[in-house]
Amino acid sequence: MSDSKEPRAQPLGLLEEEELITSSMNFFPRDFGFRQTRGYKSLAGCLGHAPLVLPLLFFTLFTGLLVAILVQVSKNPSSQRLDQSKQDEISQDLSQLKAAVERLCRPCPWEWTFFQGNCYFISNSQRNWHDSITACQEVGAQLVVIKSAEEQNFLQLQSSRSNRFAWMGLSDLNQEDMWQWVDDSPLSTSFKQYWNRGEPNNIGEEDCVEFNGNGWNDDKCSAAKFWICKKSAASCSRDEGQLLSSASASPIAHAA
């Protein structure tokens, strides 16, 4: 073990302390406001109490940060009230728009499809042919009667897309092989091309007609199938069109 003792640090003299402070001042930016030629003695006193200065500095910064947070929090209720007021205003506009839309004249009811001045509805449930007629009558419509090749192509496409075999308003219940629509009009000769190959075959008293695949098929009227209703589209007045324009413009103006 060595008997030598570590040298103890000698306290700085006044001149040495001033030189140390003066040389240290070169590390401070000028923006801090410190000058080497003035006030270095007071700075020496502050540095001499560094353990007290740093906590004081941190406390000041923390206090300032806390005050800033409190100010921001105090502003939140006001901004929330403004946001709520804006939301209430938009909600009121939407309610007015909804009421206006409900009063508007629509060519077809919801879930109905418009085509060439008529409205069509493909059911989601199944009934026999006679009950399908009743179902259409209950909504002011008729089990579909086809009047043109364009209408036939449209309905055949709708039936195929929905993958549903659906009743139409055609049967030979009154007289075998005398096909007649529910409005008592006879089947046009030009429409016979729409029968599927080998149809109508009248196997087992098949007297009612359905959309089946890419054409028509006769089946038992007691079979449960989907059905297609048809009714004339409503005509809308000019004023109702203007109502829609004014109602739809209202929320846009407020939301801008």
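One is the number of the first residue shown, and numbering goes on along the chain from there.
Using the three backbone atoms N, Cα and C, a Cβ is placed for every residue, glycine included.
As annotated in Swiss-Prot, Cys229 shares a disulfide bond with Cys136, one of the listed residues Cys136, Cys208, Cys221, Cys236. For Cys108, the disulfide partner named by Swiss-Prot among Cys105, Cys119 is Cys119. Checking the disulfide-bonded residues (Cys108, Cys119, Cys136, Cys229) against Glu206 (Ca(2+) binding site) with a 10 Å Cα-Cα cut-off leaves nothing. Counting every protein chain shown, 18 other Cβ atoms lie within 10 Å of the Cβ of Asn217 (Ca(2+) binding site). Of the recorded residues, Cys221 (disulfide bond) and Ile203 (Ca(2+) binding site) place their C-alpha atoms 12 Å from one another.
Listed in sequence order, the residues of the same chain lying 6 or more apart from Cys119 (disulfide bond) and placing their CB within less than 8 Å of its CB are Pro107, Cys108, Pro109, Trp112, Thr113, Ala141, Lys230, Lys231, Ser232, Ala233.
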